[in-house]
Each structure stands twice: as C-alpha cells, then as structure tokens.
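Undergrad: Got a structure for you, written out below as structure tokens; questions coming shortly.
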Amino acid sequence: MPNSSSISEFLLLALADTRQLQLLHFWLLLGIYLAALLGNGLISTAVACDHRLHTPMYFFLLNLALLDLGCISTTLPKAMANALWGTRAISYAGCVAQVFFFVFFFSAEYSLLTMISYDRYVAICKPLHYGTLLGSRACATMAAAAWGIGFFNSLLHTASTFSLPLCQGNAVDQFFCEIPHILKLSCSKSFKSYLREVGFLLFSVCLALVFFVFIVVSYVHIFRAVLRMPSEQGRHKAFSTCLPHLAVVSLFLSTGSFAQMKPFSNSSPFLDLMVSFLYSVLPPTLNPIIYSMRNKEIKHALSKVLQNVHYSSFNKVRICLT
C-alpha cells in the first residue's frame, strides 16, 4: 500500500460519470462562483469607495466579504477544472493548500461573525460608548485577531493532518480535500497521531462552542434592550441592523453543524457531497444577498458604484468611436 511519502496526488470525488453531466456541473458551479464573486466583490468595492460606509459595522462586513471570496475560491475553481477536463486528480501540494486555506477562511469567518455580534451589542446596548469601545484601532485589532485565529487554527490542523502516514490509498471521497476524508486514509498503526488530530478537532469544537455562547449571550442582551425601546420606529431600526447578521450566523452555523453531526462512517458519498456543498459554497454565495437585501446604505452605495462603472464604460466607448 502507498504511504504518505509515495503519494504525489489525490483523487477527488467525481461529480458525475457521464461527460454531459460533468459539463452541466461545470456550468452550474461556474454560475455559482461568478455570483459569489460579483456579490462579494460589489460589497467590498462599495464599502471601500463610499466614505459613509467607513464605520465599524461595514469594516467588519468588508472583511467578511473578503473571507467569503477566499473560502469559495479555495474549493470551486479546482472542482470546475476537474468537471471541465473530466479529471479527478489534485496534487499533494494542492491538497495541502486546499485544507490550509479552507480551514483558515472558515475559522476566521466564524471568529469575525462573533466579533460582529459584539459590534451589534455595543451599538444597541451601549450606544453612547460605541465610538470609544469600537474605534479604528479596536476594529483593526479585532479583525486582525479573527484572521490570526483562522491562521493558527489552520496551521495546527494542516500540519497535524498531513504528518499522519497515509496507507489507505489516495482516493478522497469529496469534491475538495477535507480533513475527515484525509484522516480516513491514515494508517491504523498511527493511532497516537490520529488521536492527536482528533484532539485538535475537539479543541476547535470547544472554541466554536465558546464563540457560539458569546453570540447567544450578545443577542439575548440585544433583544432585551430592543424590546425595552419605547419607540416602534427605534425597535424596527435596531432589528433591521441585527437581522442580516443573525441570518448569516444562522446559515453558517446550521450548515456547519449539520456537516459535523451527520453519521460520517455510514453516510453515502452523495450525502457527504451535498452537506459539504451546503456549508462550503452556500454561505459565501448568499451572504452578500442577505446583507444587501434590506440595507438602504448598501443599496445606495452599490447603485453609485454601478453608475460609475456605467459612466466610465460609456466614456470609453464614446472615445473609441470618436
């Protein structure tokens, strides 16, 4: 049997058996990927270009959009390439990179969503101290902490996973390299190393639970403060600023929790594929829609960006014609 030193590539799960279905999957994934790029790209551009959106909430939203772009760009391009060319192979280095960057962006996004809940808590429960508690330095520190948590968590898991000797072949039953499926390829004799990675996974789960409790406690205080507001208009405005974040957190946690709670050893490859697609592709695609759906400031900024693009394109065409 091959060991980790002799494995030069992994074989990912084929999305379809026939050429027609492979091409159909390619166009479907391409449409989803372009929608995610467009949505997150527009939000990033709008926040960066509109000075009225240079506030803590939109600063965190900009970071969230960048993390979503990174997360979906880690998995879909390779899946699209394999579907287009009818292959399954990914290099050993490419698999390591996929694991590292996916865990990095996923962990950083969860950390950032936790910090956004703190932003909403301060904005609604302590509005007079908002500028003091969430100044530019504090926001930069919190964002850097989210990215840093993602980096070190990813470095820990990637190093631990690929230090295991692999002797169960090189076929990964997933459309991208995912840690549980890499662990299935490890040797049974390396029980201590396997147990170490499981311990790291349990540590990550405990950390995720701490973040979850923080989010829940924040929103308990937020809802109590909102319900005590005498003005119905004030309650509506407060809820409108919190509901998009709450929807994004619910989508992120529900898909991620379902992926973790499914019976891994007995589940079919199709179920694994659908669950992984839900938690790795759906949130980065839907987050821009959720945040911009009822946000007038985002809509106004996006309309200005699109108008500027249209005006610039019109001027270029007119110059070419003249």
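Cβ atoms are placed via backbone N, Cα and C, with glycine included.
Dumping what TrEMBL says about this protein:
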DOMAIN    39-291  domain 'G-protein coupled receptors family 1 profile'
TRANSMEM  26-47  transmembrane segment
TRANSMEM  59-77  transmembrane segment
TRANSMEM  89-113  transmembrane segment
TRANSMEM  134-156  transmembrane segment
TRANSMEM  198-222  transmembrane segment
TRANSMEM  243-261  transmembrane segment
TRANSMEM  273-291  transmembrane segment
Undergrad: Going along the chain, which residues at least six beyond the ends of the transmembrane segment (273-291) come within the CB cut-off of under 8 Å?
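TA: Beyond its ends, the transmembrane segment (273-291) has Cβ neighbours at 13, 15, 32, 35-36, 39-40, 42-43, 61, 64-65, 68-69, 71-72, 75-76, 102, 106, 109, 174-176, 178, 244, 247-248, 251-252, 255-256, 258-259, 262, 267, 298.
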Undergrad: Give, as a single whole number between 0 and 100, the mean pLDDT over the domain 'G-protein coupled receptors family 1 profile' (39-291).
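TA: Computed over the domain 'G-protein coupled receptors family 1 profile' (39-291), the mean pLDDT is 86 on the 0 to 100 scale.
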Undergrad: Are there residues at least six beyond either end of the transmembrane segment (59-77) with Cβ under 8 Å to its Cβ atoms? List them, or say none.
TA: 29, 32-33, 36-37, 40-41, 43-44, 47-48, 98, 101-102, 104-106, 108-109, 112-113, 115-116, 119, 139, 142-143, 146-147, 175-176, 248, 280-281, 283-285, 287-288, 291
